[in-house]
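Here the structure is laid out as structure tokens; the discussion comes afterwards.
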Amino acid sequence: MIMKEDLFENQRKDMILGQGAILFAGLAKKIDKSLLSSVQEITQLAPFRHMKTSGGFDLSVAMTNCGLLGWVTDEAGYRYQSFDPLSGLVWPKIPPLFLELALEAAERAGYSSFVPSACLINRYVPGAKMSLHQDKDEDDLDSPIVSVSLGLPATFQFGGFNRTDPLQKLLLIHGDVVVWGGKLRLAYHGILPLKSGHHHLTGSTRINLTFRKVF
Ligand code: SIN
Ligand code: FE2
């Protein structure tokens, strides 16, 4: 049966957000179930947790990582590190399927041979948000950021180099992949508070993967 939702999804088109920044509508949808089961395997080893900001506040988004390095924040500040502070163990490996998708998206956006060293996995529940920020903790700013959205839709804000630059707002839905790099590598971006809803694969959550090359 064709659902109204499917018609809407199929009509969506890739969208250029700026020089070197592009939304690939639904690119990850064909492998959505495998991506989500990999997330589940990863979180059995390195569970989602609410990290603390240096100011001592819990982030509303629950996070974990896979890869050689993982992004963490706690009272000592934020950084990339090779082990999970919860277990003391190295982060789970980035599954080959993740790497293939990240590479495909990067290549389509004009960034060849992208080899991410870190994949931050974010889980949003209704009300969770990510304030406007730049991804600037990576030494390698020549490589792009590749972001994969699964589950509930969310409003993504994408701006410029200054926090006050005008923002584009776009709805990211299940399967969408956004790549930004080049001149826009340090663009400010964020996620508005998630609206409640139900997704047949993720329930009342949104999962986001962001791939980064740290060094
Ligand atoms: C991020 O900026 O790290 C996450 C963005 C998103 O959840 O789409
Ligand atoms: Fe980010």
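These residue numbers are counts, starting from 1, taken along the chain as shown.
Positions of Cβ are set from backbone N, Cα and C atoms, glycine also.
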From His174, His189, the one annotated by TrEMBL with His133, Asp135 for Fe cation: His189
Within the domain 'Fe2OG dioxygenase' (115-215), residues counted as helix, strand or coil by DSSP: 3 helix, 44 strand, 54 coil
Cβ-based neighbourhood (8 Å from the centroid) of the Fe cation site, residues His133, Asp135, His189 excluded: Met130, Leu132, Gln134, Lys136, Ile145, Ala187, Tyr188, Gly190
Cβ neighbours of Leu209 (2-oxoglutarate binding site) where a neighbour is any other Cβ within 10 Å: 25
Distance, Phe211 (2-oxoglutarate binding site) to Asp137 (substrate binding site) (CA atoms, angstrom): 13
